[in-house]
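Annotation source TrEMBL lists domain 'Cationic amino acid transporter C-terminal' at 521-571. Per TrEMBL, the feature transmembrane segment maps to 33-55, 67-86, 98-119, 188-209, 221-243, 264-290, 310-332, 360-378, 384-406, 457-475, 524-542, 548-566 (among others).
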Amino acid sequence: MMENGGAFGCLFRRKPVDAARQKPATQQLARKLSLFDLTAIGVGATIGAGVYILVGTVAREHTGPSLTISFFIGGIAAALSAFCYAELACRCPSAGSAYHYSYVCIGEGVAWLIGWALILEYTLGGAAVARGVTPNLASFFGGVDKLPSILARQTIFGILVDPGAAILVIIITALLCTGIKESSLAQAIITTINISALGFIILAGAYLGCKTGWSGYEVSSGYFSFGVNGLLAGSATVFFSYIGFDIVASTAEEVKNPQRDMPLGIGIALSICAILYMLVSAVIVGLVPYHALDPDTPISSAFAGYGMEWAVYIITAGAVTALCASLIGAIIPQPRILMAMARDGLLPSFFSDISKHTQVPVKGTIATGIFIAILAFVMDVSQLAGMVSVGTLLSFTVVALSILILRYVPPDELHYLPSDQQSNVGQHLDALGTDMAERPLLQKDIAQDKLRKRKTAAWSITMVCCGTLVVVAAISTEGLSSILCFILSGIGGMVVICCLTLLHSIDQVDTKERLTKSGGFMCPFVPFLPVACCLINTYLLVNIGAETWIRVLIWLAVGVIIYIFYGRGHSLLLDDVRRPTTRTVDDHADTTLS
């Protein structure tokens, strides 16, 4: 651990030069979001048009009739990350999501890389979603060739442009500039239409299935047609259909009661998505044998096979609204992450400006919308879709590590938060300092014992990360002999188990008491749940293609260059932007982030 740094020190961080200076006051976002708004944002951002295609491809290639079980396992895996996000959203209810959490817990350098990766994720994700609207709209007009010229794709100078996608992005950007409450209302309306379409699929499909005897489940290969390996491969694929609940965390600064509503919003949104996914998949694979499903239009073709060709219009309406909701979900978090990074001095202050009228980062929203619109207009980003997954998995992994750090190795100093949480934290620290001052004879022993436990926990967390990498690398490396794979997996597994046991033996009583008193959500089964989360995310990261990783590393390298030549020199960490907590006689900080 480094002095004045995060739990493991801050990569690229300089020591503050003026301990007396504090971070200037920043404009605040409007606290207008309720639990219903958060749920609408989360469900809308998560349920994209992919579910209308995913059930066909995954069932045909991986799971067979057991697709529902894969969706269940994928939902459980996503829930592990959701638990971690829920606690951090309570403890740090500020814009920035995973960027802000890693800034507080790990350090500025890692936070910058996470923020930079999230910018890539939301930009490419938004552009890909926008490009998917035009083909779906064509179904309403009777084909691509019958689309109005202003919406149809055209070739200009050898480039296939999509004006419809750009127009949609501009419309949604204008909507988001009107205010967060108006945006959440629009998201709720669009999401309701999408859920209604899924409800039709479930009810009408269940009726047809009961009437015809569920022929899809009467296959010779049985329910688990591809075995356990196929089931798990399908779970890894459908896991990405749950991505979107993390967008709820980016709106934490705009929630009326974040400590109560953030965990509920994340949990309810994820639960609704999981239930809908499982019901839709159970119906579709029951109506049509998995090997007969159309990989491009599985749901529409399933209903058409029963003489319900008209159902394609309802299904297409659901797909279009799902794309619009996903696009809103892709644009909402990015200006807030840019704003958080600008507040910390890593980006120009242009991005931190908040409109006095709408109380949203209008400049950042417009800049985000223009860039996504241009990208969607001129470029088919489908080949770059894998890069979106890297940003998500990196943020999930860092959030899980942040839980371990806050529980066992909390930072020595407290970041100034841009929300009214500062006053509550300050009162708690003052009370803690008074309590310690009344027992001066115990201060030195307490400080030494705390420092020893912190070092032990820090090394344990580090070794858990190393062991996880060894296990995942051994399992995922092709061409590795079975004996060597077994040995490496065994060594890595033993390291993880031993360090987990050691972490579990370290007392968390003080942390639990502070969280309970503050009324916030506490992630259960720590340290086991966050480590399981890291293991799953790391496995998925390692198994992403090498070509995708090369592209991501190039993007991250560009980010490092920008950080070195701009962010590092303008960072507010050059001033004293952290608040020292109560110190013992050995000048060790008594830490808390509650």
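Yeah, the Cβs are placed from backbone N, Cα and C, and that goes for glycine too.
Bear in mind that the values here come from a model prediction, so they are computed numbers and not experimental data.
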Could you tell me whether the transmembrane segment (188-209) and the transmembrane segment (384-406) have 3+ CB pairs under 8 A, leaving out pairs under 6 positions apart? no
With pairs closer than 6 in sequence left out, are the transmembrane segment (548-566) and the transmembrane segment (67-86) joined by 3 or more CB pairs under 8 Å? no
Mean per-residue pLDDT in the domain 'Cationic amino acid transporter C-terminal' (521-571) works out to 94
So which of 33-55, 310-332, 457-475, 548-566 has the most C-beta pairs under 8 Å when paired with the transmembrane segment (98-119)? 548-566
Would you call the transmembrane segment (310-332) and the transmembrane segment (457-475) in contact, using three or more Cβ pairs under 8 Å, pairs 6 or more apart in sequence? no
Near the transmembrane segment (33-55) in space but 6 or more residues beyond its ends, with Cβ under 8 Å, are 67, 129, 132, 136, 180-181, 184-185, 187-188, 190-191, 194-195, 198, 237-238, 241-245, 247-248, 251, 254-256, 260-262, 264-266, 268-270, 272-273, 276-277, 280-281, 284-285, 293, 295-299, 315, 318-320, 322-323, 325-326, 328-330, 332
